[in-house]
């Protein structure tokens, strides 16, 4: 069987089948195109078959390959961390647009470290901290920071209760917290079945972690600092209300490329609280 024949017989979408074949053959996309008529070595075909079956069983391609591209960089991912989504790049853009020179950023619930590492690489002058309650997730984030050459301080703990000081000093506090409501049908569908539930749902109404962040951020933000939160497409108004209730001013809801509510942010001004 040739490479092209395997691609043709695969039950996967062509783009996914090609990604798996590139992975097992270690060919580039161009090499695979030019060598498509060559016979597949048995070892490569057997590995490709095994990976294809994993994908047919629903396992995300990112977990099968162990990598996911985010903001133009390749991040290590595994079942201990949420797979970075393109929508989260809008959260990064919002952070970068508001980060002062030599600013301080704290990414809570960092997971793979995609947000923290990206901000640190895009703004080497900034001091970036990343924290997570999951030790395996922090190990993955540390690896990504090391592999990509990002300077990030890591802390372990639940939200603001970490093993590092959390005094008022942060220009930006950012998070993509668990925001799917407990029992949501999507948790048992598609890629979400394989991702860590603790990174997806708060096991409550989808807003409990957001409330915790909005309540705790004012005591950690510098005057004029920002809290930025990613959330579900139908949660914009609710998150805006949570931020307003906790003393944030100038609350904005930012859309993603599809025009859906995706990021809500607010500014902390002590004299307005």
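The backbone N, Cα and C atoms fix where each Cβ goes, glycine too.
The Cβ of residue 112 (S-adenosyl-L-methionine binding site) has 27 neighbouring Cβ atoms from other residues within 10 Å, across all protein chains displayed. Annotated S-adenosyl-L-methionine binding site per Swiss-Prot: 109, 110, 111, 112, 113, 132, 159, 176, in sequence order.
Long-range Cβ proximity for residue 178 (substrate binding site), meaning a same-chain Cβ under 8 A and a gap of 6 or more residues, is found for 109, 198, 199, 200, 201, 202, 209. Under DSSP, residue 178 (substrate binding site) is assigned to coil, being neither helix nor strand in the three-state scheme. Look at Swiss-Prot and you will find 176, 177, 178, 179 tagged as substrate binding site.
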Which one, from the binding-site residues 110, 176, has the smallest tally of other C-beta atoms lying within 10 Å of its C-beta?
176
Rounded Cα separation (Å) that holds between residue 113 (S-adenosyl-L-methionine binding site) and residue 179 (substrate binding site):
18
So how many other Cβ atoms are close to residue 113 (S-adenosyl-L-methionine binding site), meaning within 10 Å of its Cβ?
30
